[in-house]
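In Swiss-Prot this protein carries:
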type     : residues                                                                       : note
BINDING  : Cys254, Ala255, Ala256, Pro257, Gly258, Gly259, Lys260, Asp277, Asp303, Asp322 : S-adenosyl-L-methionine binding site
ACT_SITE : Cys375                                                                         : active site, nucleophile
Amino acid sequence: MKTHYNLRVIAARAVAQVLDQGQSLGALLPPLQAPLSEKDRALLQELCFGIMRVLPQLEWLLRQLMAKPLTGKQRPVHYLLMVGLYQLTYTRIPPHAALAETVEGAVAMKRPQFKGLINGVLRQFQRQQPALLADAERQDIRHLHPSWLQKRILAAWPAQYAQIIDANNQRPPMWLRVNRLHHSRDAYLALLAGTDIAAVAHSQLPDAIRLEMPCNVGRLPGFDRGWVTVQDASAQGCALLLAPQNSETILDLCAAPGGKTTHILEIAPAARVMAVDVDGQRAARIHDNLQRLGMQAEVVIGDGRTPDAWRSGMLFDRILLDAPCSATGVIRRHPDIKWLRRDGDIAELAELQRQILCAAWRVLKLGGTLLYATCSILPEENRGQIAAFLADHPDALLQETGDAAAPGLQCLPVPTSGDGFFYAKMIKETQAC
């Protein structure tokens, strides 16, 4: 990338790659951010994630401001206009600077003939902004979710629907997990206070701290030395519920990027841990996290559906299966999920989960424990999945983790607490039938 760049164009192109090519921001942004200054890295993330969060509103605004949509080869200008509207509505960038940089983006895109159009549309929005935004709040798009997902959430959680939608549309809190092998949580809170980082302890999770304001990990005391890890509170519940012991052989299945693997080793540093993921690039991040925390585990690239291909005959005392899922519990953290997922994906994911769960059960020792987890809030992937599994596996004894009337524990996203997550803990009682 050249030294001189137009950040608005980079953002517009990233948005296009998500919406037109189905790529995720999590994969797209790191290489785009690498050559940028810290300030511009943060701004690029704000623009891209923010646009994904409020996409229906921006699309609606453009329909009001333009006589006809930009299509075909003009589509990149459509996304550049989105970047302009987002800056004017949701950032503290001075309007004149936001407008000037966005207009100049047309030149950087080699579409200078659109400078006048971009300038005119954004200035018209500035004049009509209060009325347009008020009108947008009266439209169906105000929920900022695709209709299929709204219907599924409403059907599953009618009483909590508004809370879930609201939480999904907010910026996520930043949670830390203190490495108990280095510091107590209270000691680390004192270190944060000494660097003017305000934080509060979780009321139930022993290692969890929430920052009052998110910050760059470079500001966190001892981050590079493995004193602390960024991990949502709900995700921290996985290793705690698994309750690993030092003498055990433990499988972390679908383990990338390794946050739960390292948490297992913080709780049981003498355990033998195998971390398996089907994606080689994501598995490399497990190595990175282990190295940062000074830990060792056997990292394997393998398909959870075919454990005989990689387990070398091993059976496991405990298995953590953080199953691939719709990620509907972490939309606030990954708002592009709303536009990457399709209604038909849910049944396909549920079948994949079933296959991995059944395969994992086969390599669990008698008397062993399996914790099934997802970051979904949809019953087909969670309680429905576990109910079907229990019906097919009489050797599976469900451990009570939540509501006794339904299998498993379902957490919903809460603005100042954890993401949406599901857990079901099962013990293998007898020989399989």
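Keep in mind that glycine also has a Cβ here, set from the backbone N, Cα and C atoms.
Among the residues the record lists as binding S-adenosyl-L-methionine, namely Cys254, Ala255, Ala256, Pro257, Gly258, Gly259, Lys260, Asp277, Asp303, Asp322, the two farthest apart have Cα atoms separated by 19 Å. The Cβ of Cys254 (S-adenosyl-L-methionine binding site) has 23 neighbouring Cβ atoms from other residues within 10 Å, across all protein chains displayed. Counting other Cβ atoms within 10 Å of each Cβ, the recorded positions Ala256, Cys375 show the lowest value at Ala256. Around the Cβ of Gly258 (S-adenosyl-L-methionine binding site), the same chain contributes Ala275, Arg285, Ile286, His287, Asp288, Asn289, Leu290, each under 8 angstroms and 6 or more positions distant in sequence. Other Cβ atoms within 10 Å of the Cβ of Asp303 (S-adenosyl-L-methionine binding site) number 14 in total over all chains. In this structure the alpha carbons, written CA, of Cys375 (active site, nucleophile) and Ala256 (S-adenosyl-L-methionine binding site) are 14 Å apart. Secondary structure from DSSP puts Lys260 (S-adenosyl-L-methionine binding site) in a helix. When other Cβ atoms within 10 Å of the Cβ of Lys260 (S-adenosyl-L-methionine binding site) are tallied across all protein chains shown, the result is 26.
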